[in-house]
Amino acid sequence: MCQVEFEMACAAIKQLKGPVSDQEKLLVYSYYKQATQGDCNIPAPPATDLKAKAKWEAWNENKGMSKMDAMRIYIAKVEELKKNEAG
């Protein structure tokens, strides 16, 4: 796996037309953040901001995962979503 494949997956996810569940969106987001920034480095948002809190928790669950592992998982998840869309 390399940076080019990751960048291609980042572009491909923007082209998806089919429905993607909120849970899948959170997973993809969390692996993207881990791959590009590493461990979550921002304070937890207030519990009243449900969307931001969910995104923070999803990213924070990947703590300790290497950027390369996160890239691999991100690429695999995007491929899975593309296959599901194709039927």
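Just so it is clear, glycine is given a Cβ too, placed from its N, Cα and C backbone atoms.
Listed by Swiss-Prot as binding acyl-CoA are Tyr29, Ser30, Tyr31, Tyr32, Lys33, Tyr74; the candidate from Lys53, Lys55 that the record includes in that site is Lys55. Within the domain 'ACB' (2-87), the DSSP-based counts of helix, strand and coil residues read 59 helix, 0 strand, 27 coil. Report note: the acyl-CoA site is defined by Tyr29, Ser30, Tyr31, Tyr32, Lys33, Lys55, Tyr74, and the residues of the same chain whose CB lies within 8 Å of the CB centroid of those residues, excluding them, are Leu26, Leu27, Val28, Gln34, Ala35, Ala58, Trp59, Asn62, Ala70.
For the acyl-CoA site, whose binding residues are given in the record as Tyr29, Ser30, Tyr31, Tyr32, Lys33, Lys55, Tyr74, the maximum C-alpha distance rounds to 15 Å.
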